[in-house]
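Remarks on the structure that follows.
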């Protein structure tokens, strides 16, 4: 019933979104004082400005400029392909595919159109679709060595996918890797000089020692890594999919957004706002891992604090806490490099135990992505989601992890190609129907580390400054004090880290397109 209702709403809202978007495109030139008639020379001047913005990593500005060029000369395939590339840099893969497809429609022999679309498909894990595009690139440019190389990598990825599908075990038949591990039986070598857990209890002293080791790029012994992960998993399993958090009057609570493996920036948050404790609790709102090359250090630190004091830190699932994302964006490769293949499987199980959303004092709804394709979703519906699985490609769980706000009313297609975009009216109805005051979500890079939208009813918080060492954004966190729970937002800049580039452990084919 939910899917039927959602589909009907999607059809209506997408048509509405299309109408609004078309209207905006028609009136925009007039608003900006530009003529709506074709002007190829002016379009080319704007394209050059867009290229400069792109080179300066100002991708949103580049998209706006390419859009202006398209409005003045929409028959130029280059403008569409360039805008697709800028969308890819902002992880807006759905929009990138749409733009690249338009470039191909304009010029079926324009190789960069297929190239950009193939790259976007790869970033989404759609390897078979990507392969078709790179085969077309090779056909158009048969002697291009770069095209040959990328096609070969894409073919490898598809073959690997087919092999994994062939040997895959059905979920009902799969045995839990966690049930097969007993960390007590793992010996710690006398030569190991790192942090140690004495007995069953993870102490603050251990966590501090572990952080110091990580800061100096030292590894944690596998025994203690297993212990932290397994103890965290046991706690997470017992939680509902929607967790209620109670902050007593006079006390405060901090919400952080995406960290994405930026361990040294995580430590800076703790420098600015204090370590997690019962008197200084945190919620980390998903996307702890991937892209940044210190993801293992981030996740073990957060898990260790959870073991030390469950009420000191809360953890929500993000769209990157999934097998598919981890395989593409680096976490799987990092874990294999620093620990072992067994830990890859174990983390996949733990991620499936993470709650999907939190509510603070029955007032503030905190979720990684956003809201839903249909009205009428109650908190009880979220609480009853069976989350112990890999994220599906539709439904409530998918939308909680993937959706984004949009500036105009209604609902529309997602710029990411997964989930949907929702307007301020959707936010207000959800809050009203559930007697809530505010939505806090993450999932998107913001220049100041945060953005307040939907008439103050929705805040995006993102805690990975200078994302991927190239975006130049600030990070932020939000501190709430009870009983008012007014958001007090702190922005901060990136701190230095060792000379290990982001995506160092990502899949070879993805690194080739970064």
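Including glycine, each Cβ sits where the backbone N, Cα and C put it.
What TrEMBL says about a protein is an automatic prediction, not a curated fact.
According to TrEMBL, the protein has these features:
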ACT_SITE  320  active site, proton donor/acceptor
DOMAIN    220-496  domain 'Serine/threonine specific protein phosphatases'
REPEAT    43-76  repeat 'TPR'
REPEAT    77-110  repeat 'TPR'
REPEAT    111-144  repeat 'TPR'
Give me the non-local Cβ neighbours of the residue listed as 'active site, proton donor/acceptor': same chain, 6+ apart in sequence, Cβ-Cβ under 8 Å, ordered along the sequence.
260, 286, 287, 288, 289, 290, 291, 326, 329, 331
With Cβ-Cβ distances below 8 Å as the criterion, list the same-chain residues six or more beyond the ends of the repeat 'TPR' (77-110) that contact it, or say none.
43, 47, 50-51, 54, 57, 59-60, 62-63, 66-67, 69-70, 116-117, 119-121, 123-124, 140, 413-418, 445
Looking only at the repeat 'TPR' (43-76), how are its residues distributed among DSSP helix, strand and coil?
27 helix, 0 strand, 7 coil
